[in-house]
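Before any comments, here is the structure.
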Amino acid sequence: MPELPEVENVRRTLENLVTGKTIEDVIVTYPKIVKRPDDAEIFKEMLKGEKIENIKRRGKFLLLYVTNYVIVSHLRMEGKFLLHQEDEPIDKHTHVRFLFTDGTELHYKDVRKFGTMHLFKKGEEMNQMPLADLGPEPFDAEMTPQYLQERLQKTNRKIKVVLLDQRLLVGLGNIYVDEVLFRSQIHPEREASSLTVEEIERIYEATVTTLGEAVKRGGSTIRTYINSQGQIGSFQELLNVYGKKGEPCVTCGTILEKTVVGGRGTHYCPICQPRI
């Protein structure tokens, strides 16, 4: 699933491609992707004649701002936005097409069909689901070691499970939580309430630096991720633990292990990340 670095790179490339374009028509071939309104035909009619003004990101969500509305899109596992010419062949996994007045088309492709789209009037999007209960962005002023400390010390849940909770902090998924905990030298099954102030500060620093580096490297292409210009990321070349079960730790040489935490495959070093 695309996490913050991947979604941010989709946002940047997509914004460069479609800002200023006017929607002439919308074709939805898999209506279940459209969650709001509950009728894809209404979704289509509301967007006709709308001009794309800018594209923002909230956590793992893309927000496409048009003249009067906001399209809130979650890519889930395999979702992709790609720009095409009107005479190009249509991929069988293309489920939504935004046809522009200049003859180009924005295609939403999704092999797994897990992605979602919600349409809101401008100004309503942040106060309604799926955005209403999201925590702060990792790079926001609100996100500080003190913010994390206040919340982590109130829960006995395992730290990996807590960091995956988008109500605490947005943007982290399975890949980057494993990397953050390795850099922090924290075992993924530690209870959050057991962490010291110094350990929480390490988590904070690792979160900000890991995500920042990943954004600069275009994200991580583990399987099929590409941005809206069709480019892969390169941060996968810098991953220390994710997907590396059985390989030696880059720090101590110990063989990396994999377990399941909160139903998610989890990679770690048993020496660098001791379970105290």
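For all residues, glycine too, the Cβ spot is worked out from N, Cα and C.
Checking Swiss-Prot for zinc finger across the ranges 30-64, 100-134, 240-274 points to 240-274. The DSSP secondary structure for His93 (DNA binding site) is coil. Among the recorded positions Pro2, Glu3, His93, Arg264, the ones whose Cα sits within 10 Å of the Cα of Lys60 (active site, proton donor) are Pro2, Glu3, in sequence order. Annotation for His93 (DNA binding site): spatial neighbours Lys109, Asp110, Val111, criterion Cβ-Cβ under 8 Å with sequence separation of six or more. Ranking the active-site residues Pro2, Glu3, Arg264 by the distance of their Cα atoms from the Cα of Arg112 (DNA binding site) places Pro2 first. Secondary structure by DSSP for the zinc finger (240-274): 0 helix, 12 strand, 23 coil.
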